């Protein structure tokens with residue numbers, strides 16, 4: 001336990017540390033470092049500055065209402081004269097609202113109170129008490145106020161009577177933004193979701209999920225039942241709160257700056273983390289139509305923006321300028337303000353004929369003697385080594401992997417902290433890196449004597465020379481070996497990232513040609529457990545070892561072309577499909593033929609293997625279920641009116657697509673048809689099954705791809721194209737679907753990428 005009283009302070013703390021914490025340390029840091037620190041603050045934290053700084057700003061009915069350190073001040077716009085000053089107790093004004101009729105001014109304070117003032121006289125009407133921490137945000141509708149606090153609660157007040165009507169709890173984190181339309185309250189929750197609550201019944205109407213980091217910006221347009229949310233995950237989402245679903249995801253290139261965004265009609269304007277502004281059209285899933293930047297753009301982060309009804313946009317920035325933009329054309333119009341002494345514009349409000357801004361009046365270059373003599377030398381010291389290790393590790397954990405790698409080179413202490421296995425384990429799990437791939441012989445030179453460009457006359461772009469490849473391997477072995485000794489999880493992360501980087505841009509180190517089928521066409525090769533299995537028109541199935549590129553076995557038996565093959569998850573079985581209407585089961589280790597699955601009355605079009613159960617689709621519209629261990633047929637599934645073109649199987653359910661345009665779902669144990677999904681007008685050529693989400697994706701010759709919810713047996717999305725779906729397949733990764741097409745008009749093949757979350761083509 002600690003035997004030091006909480007109130008006790010050393011002379012060092014009183015004389016040096018406390019005065020230092022009251023000074024401006026951000027101005028002494030490099031600008032990019034200061035912005036990285038500021039990026040972790042909420043909008044409420046960003047407004048908490050000295051007593052001469054405006055913390056909130058409103059324009060209403062010819063009056064300006066501004067919050068300061070301990071007071072609210074009201075000015076008359078016509079003559080720029082102060083009307084009255086509204087003072088509180090010991091707190092700072094965090095937020096303020098003016099009622100639509102101008103009769104009431106409401107303010108939230110850090111002393112945990114909400115104060116109601118008369119808009120005409122400035123007399124204090126009520127002090128609304130109940131919050132146990134600072135009041136950060138408010139939303140006023142008529143005479144009903146919803147206030148959000150750092151205590152994690154929302155309180156609903158009648159500002160005429162000064163009574164608390166409801167207390168909404170369960171958010172578990174400080175409430176930094178809230179929107180209210182008189183009936184519904186929209187507020188972020190601790191799990192990065194949005195809650196839509198009925199203010200009268202306290203019932204949760206919808207939980208809107210999708211963001212992966214805290215939400216700090218909200219817009220609510222009740223006339224269209226639209227909510228717009230901005231999050232630290234770098235995305236802005238548009239929600240339909242009547243149906244409780246996301247209708248658009250607007251993604252920037254960097255994290256969104258937590259300052260402002262505004263919606264006019266279908267045009268949404270928001271700030272990026274740098275000095276740019278994004279303009280989106282929220283219809284049809286959302287598309288970025290303009291990015292306001294260039295030689296006339298801001299040179300520092302944008303603090304606030306104001307979108308005018310005329311289609312013009314006013315932006316203010318730390319660079320001390322206010323600029324005017326034409327949103328429709330996406331062009332710069334002119335500079336409205338430019339401060340010439342290094343100040344910045346912190347807050348900004350604009351009307352059609354009026355512009356008001358708050359500026360910092362301290363030149364950036366000014367320094368006090370204390371700053372030069374004490375503060376700057378302190379920031380040249382190693383502060384992490386002075387902290388307890390658990391505190392330093394918590395701070396380090398907020399850095400990105402790239403920053404962690406850079407910081408590890410500062411000193412041995414920083415290296416120890418930045419290579420902590422727990423930190424890197426979390427980084428790996430966030431990316432899904434959970435498996436260490438064993439080193440194979442090909443990394444050590446197994447392919448060196450059989451390089452593709454040397455043996456087969458094949459040219460591979462950006463191919464390393466043999467000497468360069470050996471040198472690169474030696475360097476990697478040394479680097480990863482030392483890193484693995486210090487942090488195995490960091491070694492895993494770096495290795496995975498290097499593989500991704502190799503795919504994107506790095507020179508190819510090794511390549512090889514697998515020979516065996518000679519000049520015959522190869523059909524659908526499979527990769528499994530360090531082996532490649534491929535059938536061919538030479539009526540054989542061949543297996544190669546990937547490590548040394550050597551042919552290990554040739555499976556001979558079919559009297560027809562080997563059309564396709566499947567390998568069991570454990571690698572014990574290989575199943576081949578041949579045009580002689582047979583399926584053959586082979587031992588995966590020895591290559592010995594185990595069974596010949598016979599009995600089909602027509603051509604076999606497709607097969608799928610899960611565990612030891614095989615499902616095959618036939619030309620006669622039936623499917624057969626086989627046990628490949630015993631070589632016996634378990635079920636014959638009948639119901640399709642045309643040949644079965646494609647099949648998927650998850651161990652319990654079989655999903656089949658056929659020439660009759662239907663998709664059928666079967667119980668593999670009973671042989672019963674559970675569902676028939678109709679909607680396609682011609683043959684279904686491709687299928688995907690994702691059992692974890694009960695999703696089926698079907699591609700058809702009717703130029704559509706349909707997404708089905710198996711639990712409800714309904715089509716939840718129709719993805720249209722101008723091309724005929726090609727039967728080479730589709731792949732789904734999260735909500736991103738990739739599909740191949742053949743354009744029958746111009747004879748070209750195309751690849752199209754679609755997003756299932758916004759139900760539209762991404763291109």
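Every residue gets a Cβ built from N, Cα and C, even glycine.
Caution: TrEMBL annotation is automatic and unverified by curators.
Database features, via TrEMBL:
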- 86-117: repeat 'WD' (REPEAT)
- 128-167: repeat 'WD' (REPEAT)
- 208-249: repeat 'WD' (REPEAT)
- 295-335: repeat 'WD' (REPEAT)
- 381-427: domain 'F-box' (DOMAIN)
- 532-554: repeat 'WD' (REPEAT)
- 597-636: repeat 'WD' (REPEAT)
- 637-676: repeat 'WD' (REPEAT)
- 677-718: repeat 'WD' (REPEAT)
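Within the chain, the repeat 'WD' (597-636) has long-range Cβ neighbours (under 8 A, six or more residues past its boundaries) at 563-564, 566-569, 573, 575, 577, 579, 581-585, 642-651, 654, 656, 658-660, 666, 668, 671.
Note on the repeat 'WD' (128-167): DSSP counts are 0 helix, 25 strand, 15 coil. Comparison of 128-167, 295-335, 637-676 by number of C-beta pairs under 8 angstroms to the repeat 'WD' (86-117) places 128-167 first. Long-range neighbours of the repeat 'WD' (637-676) within the same chain, counting only residues 6 or more positions beyond its ends whose Cβ lies under 8 Å from a Cβ of the stretch, are 602, 605-611, 613, 615-625, 682-689, 691, 696, 698, 700, 702, 708, 710, 713, 727.
The helix, strand and coil residue counts that DSSP assigns across the domain 'F-box' (381-427) are 32 helix, 0 strand, 15 coil. Secondary structure of the repeat 'WD' (86-117), assigned with DSSP and counted as helix (H, G, I), strand (E, B) and coil, comes to 0 helix, 19 strand, 13 coil.
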